[in-house]
Amino acid sequence: MTLLQVVDRAVTPMRCRTRRALLGWAKTAFDAPDPRRLILWAPVAIGAGAAAYFALRSEPPPQTPGLAVVIAILITVLAARMHRHPRGLVALILLALTLTGFALAQWHAQSFASGADHGRERAHVLEGWIERVERSGTRERLILRVTDMESSETPPHRVRIRTRLGELEPGDLVRVNAVLAPPGGPAAPGGYDPARAAWFDAIGLTGFAIAPPEAILSGETSDRAVRDFVRWRWRLAERIRDVGGEDTGGLAAALLTGDRSGVSSAQADALRVSGLGHILAISGLHMALVAGGIYFAARFAFAAIVPFARAYDPRKPAALIALTAALAYLVVSGASVSTQRAFIMTAVVLFGVMLDRRAFSFRSLSLAALIILVMAPESVIEPGFQMSFAAVAALIAVFDLWTRLRRAPMQPPGWVARAWNGFAGLAATSLIAGMATGAFAAFHFQRLAAYGFLANLAAMPVFTFWVMPWGVASLLLMPVGLEAGPLALMDAGLRVVMWVANAAATREGAAVAVSAAPGLTVALYGLGFALLTIGRGAVRPTGAVLIAAGFSVWSSATAPDMLITESGAAIARYAPENPDAEGEDRQWQTNDRRRGRFDARVFLQRVGETNTAPAGADLRCDALGCTGQTVDGLVLAFPDSAQALEDDCARADIIVIDVAVSPWLTRRCAALVLDSRERSRLGSTEFWVRDGQVIRFQGANTARGLRPWTPRPDG
């Protein structure tokens, strides 16, 4: 056989496959849309409607959801008459679903309203039981389910209090004297909103305890069974931490029970920077490993019973057992939002097996997304939801493409080929999922893990085939007291995972910082990603165009030049006293390192800085206060009292003062006066400066508008 014949035999099948693919694309590109594929687009439309609700600056009237549903019904009736016009039918149905998503989001948000207005910060005496413990470094915060509050007839459902747990444990009834206030707003405009997250977690007040909580020994509540279960989960996590080892016991407890209070800050940072942080939050990966392991073990056991295997399909009872195991894991792990989302996705897949449906498909993914969005519409703006479904959608799309293009092997591969195929599959999965979620990680966290692919490639086989199987075995053997062996083996695997995480996180350039993305970028990218993965024919290039447009908007966005926090700290690039000092004019500095440290860290992260701890600015001070100048020529004044206000008005561009200044003085002043009252109204405020002039500024409170989770203007 000549070389030309060899090349022709290799190229001809590729030509045929390419020709078939092009003909298939041309057919679907210009065909009318298939109404049967509406199930795939239903969660996209409902999610778009929910996202539109959360993007509003003011709350629509309470009657809006009902009106939106009525309009959606009328549109659906109109669409039913357009069965001869598929494009119009599909467009109208998607519009109706979008309105339905908007209505669902507003209804769900209104369902958390307590009707109570607890006003500003003040002391409260309250009773309740400890629902969970949150730890960050050496700090502890208790989430209390409130049963009584002396100062309010309508107490909030939950409160978050900064205090020490001491000898108490979750499930205990306590009495606490604490200073509480409504949850705070974003640390920077457009940033993460703690108040919105607290609203959907039914946390009405946050603060700190004046004295340690006192246990109530004789109190009883109607939810005694729930308290006993919470206490059992805490003791289960304590047992895993004690037996699992000092170094990795906290990680083991987090993976098996969802209690991350034992994970150290160093471990969490190493996992996050290395790109392995996703293993900490119980999500689809963990649920799939637990349910998948149980499924294959049960399927093997049923298949080994020859009479049963001949009479019945072993997959169906195995799927039922796996579903039961997934439900048990959901309950034991605390049923957090991400775990509920993972359980729904897993349940849809297992029901598909029991009903002889293809489990790993866009229909299963769309059904899972639809259920989640109906139950919790706020999920659409959460990074976990976006990243989870982006990863699975990308994997399904690539798998479908690979299935169509690959050639079946002529003979079964040997064990070496199977091992290589398994490793290649794992590498491809890590690469595809990492690329799909990387953009969302950059949008929300302003960080990219430079060695994330390599870290996942090295650590995930150990985590998948060693850590989680031994973890499940330890839970199964714990009732008979035989959990020590599996936990020791789990500890060995976790040490390997942490070694990989530390090796990747400590390398130079491990974390790549990027600036925060505008909301329009996230919207364009999300819609474009959906079109690119779910769509067919000409729809896919449209998705690519939207993704490119999103990145274009991101690249053209201008980062702010300064932040003035609500507490009065001004973070900017100050002009150095010595103009010849090399590099000083590029360093972020603050006028007061004691104030607004968290806000400063968030701001510097959002502008793409790796070093998020600003240095102290070299200000010019006298008996009445201090002044400083930024590298853009903007003059800032920080008077200690209102006596210096008149002089500062003549020489400064912005005045930051800690007392409330009368509106009459503020109007007379040529400078922008940010007194305590104005900073409270604006929140932490970003400034854009050109040639010594403020061209635009935006406050965190004003940017989020007036929503159910924001404080009322008068209180």
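Cβ atoms are placed via backbone N, Cα and C, with glycine included.
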Annotated range (TrEMBL: transmembrane segment) out of 423-443, 444-464: 423-443
Surrounding residues of the transmembrane segment (38-56) on its own chain - C-beta under 8 Å, 6+ positions past either end: 90, 93-95, 97-106, 109, 362-363, 366-367, 369-370, 373-374, 377-378, 380-381, 519, 523, 527, 530, 534, 705, 707
Selection from 65-82, 88-105, 383-402, 423-443, 510-532, the stretch that has most Cβ pairs under 8 A to the transmembrane segment (318-339): 383-402
Cβ-Cβ under 8 Å with the transmembrane segment (88-105): same-chain residues at least 6 beyond its ends: 33, 35, 38, 41-42, 45-50, 52-54, 64-66, 68-69, 71-73, 75-76, 78-79, 82, 373-374, 377-378
Residue counts (helix, strand, coil, in that order) that DSSP gives for the domain 'DUF4131' (66-208): 47 helix, 46 strand, 50 coil
Dominant neighbour of the transmembrane segment (383-402) in 65-82, 360-377, 510-532, by Cβ pairs under 8 Å: 360-377
